[in-house]
Amino acid sequence: MKFINKIDPEIATLIELEEKRQKETLMMIPSENIASYAVEEAMGSILGNKYGEGYPQRRYYQGNQLIDQLETLVIERAKKLFKVEAVNVQPLSGSPANFAVYTALLNPGNTIMGLSLSSGGHLTHGAPFTASSKYFHSVQYNTDKNGWIDYDELLALAKKSKPKIIIASTTAYARILDWKKFSEIAEEVSAFLMTDISHLAGLIAAGVYPSPAPYAHIITTTTHKTLRGPRGAMIMTTQKGLNKDPDLVKKINKAIIPGIQGGPHFNNIAGIGIALKEASTSNFKRYAAQILKNAQIIASELIKYDFNLITGGTDSHLILIDLRNKCLLGNTAAEGLEVAGIIINRNGIPYDPNPPFYPSGIRIGTPGVTSRGMKKKEMKIIVKLINQTINALIETKIKLKINSEKDKIIRQEIIRKTSSLKQINQTVKQLCRKFPLVKQY
Ligand code: DSN
């Protein structure tokens, strides 16, 4: 930071404080992770200076010989790791990657079908108020009351609405997605099957979660979640995709540029390449297996403390908790846990009686704490601390005779009067000190 410190102390201070925050708290938002120093270095490199609209050997600007080598290398690494036929590494993030696929394959008004936000889907999978539902006709499928995807209902809905793309993907669904069933349903209605594996990419790369590559036509992913790379995204085309449409790669590439993007961010593309190299090591495989083990320990410990988990457990890196039996809003829980030093997010649960801004659940994930080297013993301690925090918040809420937690001032009052949060935070800090934020792998 020597240059930022000299040139811009204000920004330097904010970065330093954010680093301190990350060091002293438990990163348990399932979509967050800690990229390596090597990835960070690539992101901060001179590669960001270069413009290169187009693709290797077909650029609109000069001076791209080395950039061509770089992009080709990253593409080849991604093809090998995910066992796919073609990869576009230029999407700036997950949302443009998904939108590019829609614009590549559809005309405005054509139908897409994705999992609803309230069932654990993503905004870009056709949620109301998003471009994916404004420019395309969006039909949404749901989970059943217990939070499991109901494939029979999905088939019936697909037959009725005849989508051109079925999106198999989640952001708050803890169970294994049955890629084969999704592909059978897509085939039945002649739809493209697009799987967005943003949350799962690292687990799939390591072979600890099933790969959709044999079943999907197109796979999109961000690169900064379980894959532990820089912010960015990829669009992959499978052999199955090429069999369905031999022009698929051409269409996707055109949809990215000139379709919706300009110059690629080569610093991030280099970071993606490094993350892909890291993800193909045995160290990373052990890391990914530990993410799952840690999530399962958290799930079973939470159940012991009478927490209701959606679907009763997890097969992945995340756990979705229904807090209704605890009579605490997701907001109060998440904000209270933040004061305790445990960073999670509030989340809707299937058929949530509350609106998305005041949901009944919270979502917890293990990629970040696993990157710090934490294992079974630490997971048990963390769940104990989560339970203590939630119980203390409930106790204060009862003492203060509070019925509704929708007002932020009321939530702050609950948190302020829950004195044990400070003590819990000290324990969290001690734990964090034992597992420093080391980013070398
Ligand atoms: N916002 C991300 C998540 O937290 O799941 C997905 O884009």
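Quick reminder: no glycine exception, Cβ is built from N, Cα and C everywhere.
Here's what TrEMBL has on this protein:
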BINDING   L117, G121, H122, L123  (6S)-5,6,7,8-tetrahydrofolate binding site
DOMAIN    5-386  domain 'Serine hydroxymethyltransferase-like'
MOD_RES   K225  N6-(pyridoxal phosphate)lysine
SITE      H224  site 'Plays an important role in substrate specificity'
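As a whole-number mean, the pLDDT of the domain 'Serine hydroxymethyltransferase-like' (5-386) in this prediction is 98. In three-state terms derived from DSSP, L123 ((6S)-5,6,7,8-tetrahydrofolate binding site) belongs to a helical segment.
Note: the CA-CA distance between K225 (N6-(pyridoxal phosphate)lysine) and H122 ((6S)-5,6,7,8-tetrahydrofolate binding site) rounds to 15 Å. In this view, L123 ((6S)-5,6,7,8-tetrahydrofolate binding site) is surrounded by 18 other Cβ atoms within 10 Å of its Cβ, with every protein chain counted. With respect to their backbone Cα atoms, L117 ((6S)-5,6,7,8-tetrahydrofolate binding site) and H224 (site 'Plays an important role in substrate specificity') stand 21 Å from each other. Apart from L117, G121, H122, L123, the (6S)-5,6,7,8-tetrahydrofolate site neighbourhood in this chain, defined by C-beta within 8 angstroms of the site C-beta centre, holds G114, L115, S116, T124, H125, G126, A127, T171.
If you take the C-beta of G121 ((6S)-5,6,7,8-tetrahydrofolate binding site) and look for same-chain residues 6 or more apart in sequence within under 8 angstroms, you find G114, L115, A127, Q140, I167, S169, T170, T171. H224 (site 'Plays an important role in substrate specificity') and H122 ((6S)-5,6,7,8-tetrahydrofolate binding site) are 16 Å apart (CA-CA, integer value). A sphere of 10 angstroms centred on the C-beta of H224 (site 'Plays an important role in substrate specificity') encloses 26 other C-beta atoms.
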